[in-house]
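Down below is the structure, laid out as structure tokens.
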Amino acid sequence: MSNQKNNIPRATLKRLPLYYRLVNQLHEKGIDRVNSKTISEALDIDSASIRRDFSYFGELGKKGYGYNVESLLEFFKSKISESDTIKIGLVGVGNLGKALLSYNFSIHDEMVITEAFDIRDDIVGTKVGKVIVNKMEDLQSILKSAELDVVILTTPGSAAQEAADQIVDSGVKGILNFTPTRINVPDDVSVHQIDLGIELQSLLFFMNNLRNSN
């Protein structure tokens with residue numbers, strides 16, 4: 001499976017959470033079957049791309065029948081994590097970190113932040129949301145024992161690489177990086193970079209382009 005996963009286009013991997021969320025919604029509504037046309041209309045993704053995306057993972061559906069919703073849901077769950085609940089750590093309890101801890105993926109039953117870390121004495125030991133903030137000195141030992149799936153990085157940019165090094169040394173294989181710093185990690189560690197400033201600028205460019213085209 002590892003070789004197969006490495007050959008899956010990045011664009012396909014980025015669409016998987018969209019498919020998963022939709023399938024989960026269909027399952028909650030009691031719908032037991034869905035076809036690519038319905039998925040296409042719900043997500044504004046063309047049917048050919050959906051069928052191609054799904055083809056990377058083998059036979060997920062049957063011609064003339066479509067896809068079994070419950071089977072798709074279990075499939076996507078297995079691709080996200082081997083466990084029922086995805087445990088997440090957070091490093092850097094500033095304004096953004098506190099907001100994420102307070103939110104704590106409340107609409108996603110399968111994801112929860114269980115550990116948080118900071119260097120400031122006035123933050124360490126406090127409770128944000130339902131999570132008690134640990135000191136950075138304990139990061140590696142706690143991450144190793146807690147067996148977290150991923151860590152969210154919300155430190156100042158100047159502290160990002162050092163924090164990332166400690167996260168990697170603890171055995172975590174996924175980092176969601178909210179800092180403006182591009183961190184260096186080994187090839188077997190996945191990093192998803194989220195720069196809110198860049199995202200906003202991108203939105204403004206799209207808006208301006210749309211205005212000009214009209």
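Glycine is no exception: its Cβ is also placed from the backbone N, Cα and C atoms.
Given the structure is predicted, the values throughout are model-derived calculations rather than measurements.
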Legend entry - Per Swiss-Prot record, range annotated DNA-binding region [choices 18-57, 138-177]: 18-57
Inset, instruction - Other than Gly92, Val93, Gly94, Asn95, Leu96, Gly97, which residues of the same chain sit close to NAD(+)? List them in sequence order, counting a residue when its Cβ is within 8 Å of the Cβ centroid of the site. - result: Lys98, Ala99, Leu100, Asp118, Thr154, Thr155
Inset, instruction - Check the DNA-binding region (18-57) for me and report the mean pLDDT. - result: 90
Inset, instruction - Would you mind ranking the binding-site residues Val93, Leu96 by how many other Cβ atoms sit within 10 Å of each Cβ and giving me the lowest? - result: Leu96
Inset, instruction - Select the most exposed residue of Gly92, Gly94, Gly97, where exposure means the fewest other Cβ atoms within 10 Å, treating these as the binding-site residues. - result: Gly94
